Amino acid sequence: MGGRPPRTGLFRAKLQRAGERRGAAAGRSAAPASSTATPGRSGAMWIQVRTMDGRETHRVDSLSKLTKVEGLRQRIHQVFGVEPHRQRLFYRGKQMEDGHSLFDYSVGLNDIVQLLVRQSPAVLPAVSKEKDSELSDTDSGCGSGQSESDKSSHNGEGAMELEGQPSTAAQPDWTDPGFGLYKINDLVDARDMNMGAWFEAQVVNVTRKKAANDSCADPDQQTTIPEEDVIYHVKYEDYPENGVVELSSNDVRARARTILKWHQLEVGQVVMVNYNPDEPKERGFWYDAEILQKRETKMIKEINAKILLGDAGDSLNDCTITFVDEIYKIEEPGSACPLSASPLKRQNGPVCKACKDNPNKTCRICACYICGGKQDPDKQLMCDECDMAFHIYCLNPPLSSIPDDEDWYCPECRNDASEVVLAGEKLKESKKKQKMASANSSSRRDWGKGMACVGRTKECTIVPSNHYGPIPGIPVGTMWKFRVQVSESGVHRPHVAGIHGRSNDGAYSLVLAGGYEDDIDHGNSFTYTGSGGRDLSGNKRTAEQSCDQKLTNMNRALALNCSAPINDKNGAEAKDWRAGKPVRVVRNVKGGKHSKYAPVEGNRYDGIYKVVKYWPETGKSGFLVWRYLLRRDDDEPAPWTKEGKDRMKKLGLTMQYPEGYLEAVANKDKEKENNGDDEFDTPGKGKRKRKSAGGGEEKVINSPTGTPKKTKVEPYKLTSQQKSLIKSDEANEKLWNEVLDALKDGPKFLNKVEEAFLCICCQEVVFRPVTTVCQHNVCKDCLDRSFKADVYSCPACRYDLGKNYTMQVNETLQTILTQLFPGYGNGR
């Protein structure tokens, strides 16, 4: 199907925004987030290319969001050795076409693009055109000749009709052939091969199976034809649309016409009863049944029977027959009822369960879906998708006659042909991407190589986006190479913006990136300058101060964290600054030009800070700016202290790189060595020089290509209360035994807990967990929704819980998870 590709969260750094919100994005970071990447090394994205059979996968490096598909084909040709004209590339179900870029298909960092190799056109000997037409299209990538079974598939039509398929051929006037128990025009009961139920029918023809030695037999010789070789051509009376159906003698018998009285019914007797397998108390179809039990009281008469569903031996046991006054005797074979007898018409269950086939009642299920009227059936159209009927005059616009098209779809099911993108067609222009500043820019600069443009590959769901305080499982001192990784962890969600918050709620996190020279950083406290006051029209990330800042948007959000009434004129100072809302603080390597507390590389989480006061003042640019004083309020030691460094070493906290990043850097270094590229002066193996932002002095930056030395990680420590709660959660004893083995891995223990207690429905850590009898944990709200949908089984293993299952929340497990992941239930 065509249409818009699914949203995946890729490229959510909204480059088209301008004004105050872009001031928040650029004013606090002072440079594109991609500038944190090492120039010439990581300023590019990479993807994985995998063959369609999954046997071969290679990484393609040094790409950009703006890389064209034809350029990607050339890179794949270098890696796989497949010529560009033989490549069919697929990404998320879409065939990638030349002329578009990776950005047009929303290809993200380290995403997988599938490669289907077209078969080379083989030089075949001269053959007839009929033979060529039997070969499949080699462009499909799996060209092969037509199989023998396909070639002879038209010869099996007769066999299909023997299995109950209607025959559409015109029937001539038949004569009685002189064999078989039932003659032409006899009224019989015919069994439906799919349901096993019997329906009233009429014999229209009698034939015999073609014997293998028919060609050798004498046509004048009289032979006795056994009944099992006779084929009856019958037509259902109530279902003329099925046409003429061919059935064997086992599925045709004399029309049932004798109703058995109560005293004539005996246990073990096989009779024909009316039964509805879906709704046993409602009228259904007619089945053979063996009477198992006969019970009579002053008020009711009840029969329990075993419903027989054909000769295969299938049956429904212990069925209660509701209509005990309509039980028919099974007639003797050959005692068919002639057409002139006109036996009593049996009553079947209603075709429509909504209106019970009431002709005077409007119904949008079995009649017109718009008006519900049952008049003019010859002017109704059936939708080939939803199977609903529509009057041609009820449509908008109405139709004057029935269309000649073989397929017809109602307005709700019809796909707009202009929106469907077929294989080999160009993509439709996206309105969202047309509005982006990059789409209307005349600049030829390749902006698609920055890490801020690749988008998130995952998203933090353990806590909501408006969560205050630490993120569970992220200790102080955790380091990431790029800002996009900080966003994925949930510590600071914006890719570029320096402040994350809401103007009516508060600020949740901020990044110290050295955007303002007059910011003063003392480690445990620092002054911070608000955002805005800059002209960021177009696609600029930073600019000089050009107007006064206002206490709005993110500036107001950060002010709300101060434990003092909001004052947008003079600012305010908290009397008890510890009572304010917590702010997560991340320091960036770019802050090193103004602060000695900045990390040497990438980004580092430094813990919780509180806003002490905020005030307006005139900055060095001569315009009004808002300043904030924040002070550290965290029990975990700061990462620049001796205690903090020791703790980072014990927890095994090292620089985290995106998946595939180190391999991409190693490949690029290898390419440079092979090409003799001397763009950078390398003083030694694994090191290179780069000019500092201030100019003059150069810094030596270690290359991440080396394998870091493994250190012993400090085990995760549980409190005595947590140990006691885990021991008392007997229903999940097996799960806890597996999870506790991960205590030795330190902070990764929480990842193991999150994985073990994941709800299979919402794919989040279970909240208000219900531990089922089959020892699976599901959110109570998720299980409630399942029961409301009449699904009474365990979502994990389909164990039948029963309609009256009592959902009891495992309070012990809930307490443990709340302690391990504080705040994870907010918003749920």
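Glycine too: its Cβ is placed from the backbone N, Cα and C atoms.
Positions annotated as compositional bias 'Low complexity' by TrEMBL: 24-41. For 138-147, the entry in TrEMBL reads compositional bias 'Polar residues'. Residues or ranges marked as domain 'Ubiquitin-like' in TrEMBL: 45-122. Look at TrEMBL and you will find 365-416 tagged as domain 'PHD-type'. Residues or ranges marked as domain 'RING-type' by TrEMBL: 368-414, 759-798. If you look up TrEMBL, you'll see 469-632 marked as domain 'YDG'. The annotation region 'Disordered' is assigned in TrEMBL to 17-41, 126-175, 667-712.
Secondary structure by DSSP for the domain 'RING-type' (759-798): 9 helix, 8 strand, 23 coil.
Sequence-distant neighbours of the domain 'RING-type' (759-798) (same chain, 6+ residues past either end, Cβ-Cβ under 8 Å): 461-462, 731-732, 734, 753, 805, 807-810, 813-814, 817, 821, 824-825, 828. Mapped onto DSSP classes, the domain 'RING-type' (368-414) shows 3 helix, 7 strand, 37 coil.
The predicted model assigns the domain 'YDG' (469-632) a mean pLDDT of 89.
Secondary structure by DSSP for the domain 'Ubiquitin-like' (45-122): 15 helix, 29 strand, 34 coil.
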